[in-house]
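Inspection log for the structure reproduced underneath, given as structure tokens.
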């Protein structure tokens, strides 16, 4: 079910945060929503892969890659793990790769851009802590809604 971020903002402006970052949409789902999980990692995707290997239960993984476009944090295999394990979407404050293949996957995926260079895999980073970028704080357990107009965050679920 698509939920328009503009309509949500009109109805709940007092509690919503709107992310100012202009993401590109890469996944097969143009609109997605779910409870937030987070990972902070810089040019290393081992922790991100580990999280997407667990049941997502319709959650959205917000990845704070520090805005780096130097290496890709998500490729088609990692995005495929998200599909297999029931994640609704991934928002990457960084780069992805395998963009054409990701476009055929049933998952929402937004990122700053793409780069074919793979990341390191040491496991550096931290999970399930608040992360912030684009004037917005992404807190685990809060809700993220995304569509063609952008990304908004609410402290609770806003739809039936």
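Glycine residues also receive a Cβ, built from the backbone N, Cα and C atoms like all the rest.
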Among 40, 97 - the residue Swiss-Prot places in the same substrate site as 75, 76, 77, 78: 97
Residues satisfying Cβ distance under 8 Å from residue 98 (divalent metal cation binding site), sequence separation of at least 6: 72, 75, 76, 77, 79
Which of 77, 78, all binding-site residues, has a Cβ with the fewest other Cβ atoms inside 10 Å: 77
For the substrate site built from 75, 76, 77, 78, 97, further residues of that chain with CB within 8 A of the site's CB center: 72, 74, 79, 80, 96, 98, 101, 102
Tertiary neighbours of residue 97 (substrate binding site) (same chain, Cβ under 8 Å, six or more apart): 72, 74, 75, 76, 114, 115, 116, 117, 118
Assigned element (helix, strand, coil) containing residue 75 (substrate binding site), judged by DSSP: coil
